[in-house]
Amino acid sequence: MKFLDQAKVYIRSGNGGAGAISFRREKFIEFGGPDGGDGGRGGDVWALVVDGLNTLIDYRYQQHFRAKTGGHGKGRNMTGQKGDDIILKVPVGTQIFEEDNTTLICDLTEVGQRYRLAKGGNGGFGNLHFTTSTNRAPRRANPGLSGEERTLWLRLKLIADAGIIGLPNAGKSTFLASVTAAKPKVADYPFTTLYPHLGVARIDAREFVLADIPGLIEGAHEGVGIGDRFLGHVERCRVLFHLISAQEEDVVKAYQIVRNELKAYGNNLNDKTEIIALSQIDTLTIEERKAKQEFLQKVTGKSVMMFSAVSREGLENLLRAGAHIIEMARKKDVVREEQD
């Protein structure tokens, strides 16, 4: 399935149905009086979070959505039928914005959650409503009110416990494929990953969702390369696996490029908990990898792990470190919810 994380849609709720002009007609009753019913309310436009979706690709092919008009009122004081609603099915993690693409309307984070984006117009009054002491047989009814019309942006921010970040060819896709059932494209050239991949990692009876974020390069936050488009997916992650290829000549520079991009992007990405790991260590001697690890630790002041997705050396320890941080974050969320 193709990946699309942003889409523009045009929606319109249904117009209300018109009220009826009708008079009671029964045998032996000469002046039955008005009995025109009200029009039905127009259909609403809803956004609904459904399971099994992880892309907005459907909205590339259909952008216009219009709910049905309410039914017209009828005689015998019968109200018109409500117009059918339109439901926009979206993945977990979808945010909906106004036409300016900056004003947030709603953030949909749970399956089954729904939000009314446009309310249908009210139905018009039938002539029964216009009876007065001086006009017992009004020939007047209201048309229904118009529905709402809006232009909206849908933006998907994948919900993953952990994000995998790093420069192109840092081994992110290989890491994801080695610890989950995901099958991202893996090749020896930059930007192999053109959109995020999700997978579920399991370690010691614990599991968490991993997202492989396409490679960042210097200037990504300004639109260079493809990384800036997907930095938003990092926002929801509890921890970041920051991978640096052990084959890099300057591992510190490789680390700092990505850190600078996170900081420049904003939205507190730079404050995310990270696990730094040298990848592809199977390509170096023990002395070479150790030297790069110690140098990186000295400059950053942080612990640096090492692993190889090919030989699986250090892989389980890396997963355990991530699972522990995620577990602690989940417990904090539970406590926070109980306090609220």
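The backbone N, Cα and C atoms fix where each Cβ goes, glycine too.
For LYS172 (GTP binding site), the Cβ neighbour count at a 10 Å cut-off comes to 31, with all displayed protein chains included. According to Swiss-Prot, the GTP binding site annotation covers 166-173, 191-195, 212-215, 279-282, 308-310.
Residues or ranges marked as Mg(2+) binding site by Swiss-Prot: SER173, THR193. DSSP assigns SER173 (Mg(2+) binding site) to a helical segment in the three-state reduction. All protein chains included, SER173 (Mg(2+) binding site) registers 23 other Cβ atoms within 10 Å of its own Cβ.
Taken from Swiss-Prot, the feature domain 'Obg' applies to 1-159.
Per Swiss-Prot, the feature domain 'OBG-type G' maps to 160-327; the stated evidence is sequence analysis.
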Whole-number Å distance between the CA of PRO214 (GTP binding site) and the CA of SER173 (Mg(2+) binding site)?
9
Local Cβ density at ASN169 (GTP binding site) - other Cβ atoms counted within 10 Å:
20
Cβ neighbours within 10 Å, counted over all protein chains: which one of the binding-site residues GLY166, PRO214 has the most?
GLY166
